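So the structure is just underneath, and the comments pick up after that.
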Amino acid sequence: MTDNNSKSKDSSQKIPNDSLTPTISKGLRKDVFYWTKAIAYTTWNFFDSSPVTPQRNPISLFVRGLSHPFLRHRLSKSQFNEWFLSHNGVDPVQAQTLPDPLLFDIPDHQETSYSLLEGYSVTAHDHSDTSPLPITSSNQKEGKKNVSSIDVSMVSDSSEFKPDSLQHEKLVKKCNQLRLQKLINSSELAQIDLELSKLYSRRRQVLERLSKIEEQNLKYTSKLASVEKLMLDSDAQDLYSSYSHDLIPSQIEAGKNGANPDVFDDTHDKYTDNLSARAISPRAPRPSTASEVVSDYFEQNSAFSKAPENTESSVNQNYIVGNLVKQFQAHSEYITSLDFSHPFGTLATASTDKTVKVWDMAGVVYLGSLKGHSDYVSCLAIQDSFIATGSMDTTVRLWNLDNDVLHKDNPVEESLNSPPDQPVDNATNVLTSHTAPVTALALSSDDVLITGADDKTVRQWDIVTGRCIQTLDFVWAETHDTSTSQILVSDTYKQEPFIRALDCLDAAVASGTVDGLIRIWDLRIGLPVRSFIGHTAPISSLQFDSNHLYSGSYDNSVRIWDLRSGSPINIIPMEKKVNSLRLYQGRLAVASDEPNVRIFDTVSNRNWICSIPSHSDSIAAEPNSVPTSVQYKDRFLVDGKSDGSVSVFSA
C-alpha cells in the first residue's frame with residue numbers, strides 16, 4: 001500500500017510539471033521571436049554601414065543572429081525573403097513575377113515527336129563524334145583496368161549477347177539517333193522557313209508602301225514640271241512683249257504681213273528648222289510660240305529644278321532578282337511586241353488583235369491606243385516619247401506622244417469627231433517605201449531607224465523628214481556572196497517572215513533571217529561585210545554588245561558571237577525555241593516557248609527564273625501561255641505572253 005501510494009503521489013506531482021513545460025517553451029519562443037524582430041527593426045533604423053566598417057549593416061547583423069539553433073526553425077527561408085522584401089519597399093508578388101519583355105520571346109506550346117533529353121543526347125553524341133577528346137596513356141591504362149574488372153558472369157549468358165543481337169541493338173540505336181537528327185533538322189528548317197516567310201511578308205509590305213510613295217513622287221513631279229513650264233511661258237511672253245516694244249512700227253507691220261524684218265532673219269530660219277525637226281523628233285516636244293522667240297532665254301533658265309532621271313527607278317534597287325512586281329491583262333490575243341521607255345514610265349504593247357496600247361507603268365493605267373494601221377503591228381520600239389511601229393500593212397508609222405496622238409477609245413467622242421467610214425489615223429508620219437509586211441525594226445539612241453520587211457530589204461530612215469536614206473537588198477547580197485547562196489530553208493519555216501530580227505550599233509546593222517544566217521551590214525557602204533553561220537533555224541532576236549552579238553533562234557539555242565573573229569564564244573542550250581532576248585549589264589533575258597523567262601548572268605554563269613508565285617494576287621494565266629516578247633532595262637524586265645498578259649519583274 002505504501003509503495004503504491006508513493007508511486008501515485010510521485011506521478012501526481014510530475015503531471016503538472018510536464019504539462020507546464022510545453023506552455024513555458026512556447027511562450028518563451030514566441031517572446032524571443034518578437035524580441036528578435038524588434039531588435040532587427042531597431043538595428044535597421046539606427047545602424048547603417050559606414051565606409052570604415054562596410055560589413056556592419058542591419059542585414060549582416062540579422063543574418064548572423066539566424067545561426068542560433070533556437071531561432072533557426074522559426075525563421076525559414078520563405079519568411080526571411082518576405083521580411084527582406086517588405087523592409088525594402090518591394091511588393092513580394094511583383095518581385096516574384098517576370099517582366100513582360102521577358103515573356104514575349106517564349107514560344108508557343110508545340111507538340112514534338114522527341115523529348116528534350118533525346119534531343120540533347122543526339123546533339124551531345126554528334127558533338128562527341130565531331131570533336132573527340134585525345135586519349136592519353138593514363139586513360140588507356142584505366143580503360144584496360146576497367147575492361148579487366150568486368151564481371152564475367154555478365155557475358156556468360158550467350159542467349160542475350162549473341163553477335164547478331166548486339167549488331168541489331170547497335171543498328172536500332174543508330175537508326176533512332178538518325179531519326180531524331182532528322183526530326184531536329186526538319187524542325188529547325190521549318191522554323192527558318194517560318195521566319196523567312198515573315199520577313200518576306202514584311203518586305204512586301206515595305207515595297208508596297210515604297211511603290212505608293214514613288215507614285216506620289218511621280219505625280220507631284222509632273223505637277224512641278226507643269227508649273228515650271230507655265231512660269232517659263234509667262235516669263236517668255238513678258239520678254240516677247242518688252243522685245244516687241246523696242247521694234248520700229250514698220251518692222252512690226254512687216255512681221256504681221258508675213259515678211260520677216262531684218263531683226264528676225266537669222267532666228268526665223270533657225271526656228272523654222274527647229275519646228276520641222278521637233279515635229280517628229282523624240283528629243284523634245286513642240287515648243288510654244290513664245291518659247292520659239294526666246295529659246296535662248298529657255299537655255300539660260302534651264303537650271304530650273306527638275307526631277308532626276310532615275311527617280312522612277314529608285315524602287316527597283318530594293319527588289320529581289322526574278323520577283324514579280326506587277327501583272328495585268330493588256331490584250332485579248334497574242335502579244336507580238338512591246339517596249340518601255342524606262343521603269344515606271346511609258347509602256348507600249350502590240351497584239352494580233354490589231355491594237356497598239358500605251359500604258360503608264362507606275363500605276364498600270366491605260367493611257368490610250370495608237371490608231372492608223374489597217375493590220376496588226378508586228379514590231380515596235382519606243383524612245384522617250386517617240387514610238388515607231390511596223391505593221392503587216394507594209395507601213396511604218398511614227399508617233400510623238402507629246403502631240404496628243406493617243407486615241408481614248410471613247411465611242412461617243414469617236415462618232416462626233418470622225419465620220420463612220422473614215423478610219424482614225426493619228427500618226428505623226430507614215431513611211432510607205434516597203435512593198436511587203438514589215439516584220440522587224442530597230443531604233444538606236446542616235447535616232448537611226450532601221451526596218452526590215454518580207455520584200456527582202458532593210459531600209460534606213462530619216463525620222464525627221466520621213467525619207468528613206470538607203471536600202472539594203474538581200475537579193476543582191478545573196479547573188480554576190482557564194483558562201484551563203486547554198487543555204488536552203490526548211491519546209492517547216494517557209495511560212496515564217498524572211499527577216500525577224502534587226503539591231504544597230506553605230507554604222508553596223510545586224511540582220512537575222514529565216515535561213516539562220518546573221519549578216520553584218522556597214523551603213524557607210526550599204527553592203528554586208530560579214531556573215532555568222534551556226535544557227536540551223538530562223539533567227540528570232542538579235543542584240544549588240546560592245547564586243548559581242550547575242551542571237552536567239554528557233555533551233556533551241558542562244559549564241560554569243562565575237563564581233564572581231566566572227567565565231568561563237570558561248571552557246572546556251574534551251575529546251576524550246578527562242579522567241580525573244582534582251583541584254584542589260586551582262587545579264588541576258590531569254591523568252592522561249594517555256595512558261596517562264598530565264599535570266600543568265602554571262603559573267604558568273606548564274607541564272608534565275610522569272611516565275612509568278614502561286615500565292616500572288618496576279619491574274620490566272622492560261623496553261624499553255626508562253627512569253628513571246630521581252631524587254632530589259634534598268635533592272636526591270638517586262639514580258640508579253642501569248643494569252644495577252646503582261647508581267648513586270650525585277651531583274
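Easy rule for this one: first residue shown is 1, then count along the chain.
Backbone N, Cα and C atoms are what each Cβ position is placed from, and that goes for glycine too.
Under the heading region 'Disordered', Swiss-Prot lists 1-21 (among others).
What Swiss-Prot records for 1-12 is compositional bias 'Basic and acidic residues'.
Annotation source Swiss-Prot lists region 'Disordered' at 125-144 (among others).
Per Swiss-Prot, coiled coil is recorded for 195-229, and the stated evidence type is sequence analysis.
Among the features that Swiss-Prot reports, repeat 'WD 1' is placed at 330-369. Under DSSP, residues within the repeat 'WD 1' (330-369) fall into helix, strand and coil as 0 helix, 22 strand, 18 coil.
Sequence annotations record features per position, and here Swiss-Prot assigns repeat 'WD 2' to 372-409. Model confidence over the repeat 'WD 2' (372-409) stands at 91, taken as the mean pLDDT rounded to a whole number.
Sequence-remote contacts of a segment are chain residues at least 6 beyond its ends whose Cβ falls under 8 Å from one of its Cβ atoms, and for the repeat 'WD 3' (433-473) they are 276-277, 280-283, 375, 378-383, 386, 388, 390-396, 398, 497-505, 509, 511, 521, 523, 526, 528. Here Swiss-Prot flags 433-473 as repeat 'WD 3'.
If you look up Swiss-Prot, you'll see 492-531 marked as repeat 'WD 4'.
According to Swiss-Prot, the repeat 'WD 5' annotation covers 534-573. Break the repeat 'WD 5' (534-573) down by DSSP state and the numbers are 0 helix, 24 strand, 16 coil.
Remote same-chain partners of the repeat 'WD 6' (575-610), defined as residues 6 or more beyond its termini with a Cβ less than 8 Å from a stretch Cβ, comprise 321-322, 324, 537, 540-541, 543, 545, 550-558, 560, 625-635, 637, 639, 647, 649, 651. What Swiss-Prot lists as repeat 'WD 6' is 575-610.
Long-range contacts of the repeat 'WD 7' (620-650) within the same chain, counting only residues at least 6 positions beyond its ends with a Cβ under 8 Å from a Cβ of the stretch, are 310, 313, 316-317, 319-340, 342-343, 347, 349, 351, 353, 361, 579-584, 587, 589-597, 599, 610, 612. Among the features that Swiss-Prot reports, repeat 'WD 7' is placed at 620-650.
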Spatial neighbours of the repeat 'WD 5' (534-573) far in sequence, C-beta under 8 Å, 6+ residues away: 490, 493, 496, 500-505, 508, 510-518, 520, 579-583, 588, 590, 592, 600, 602
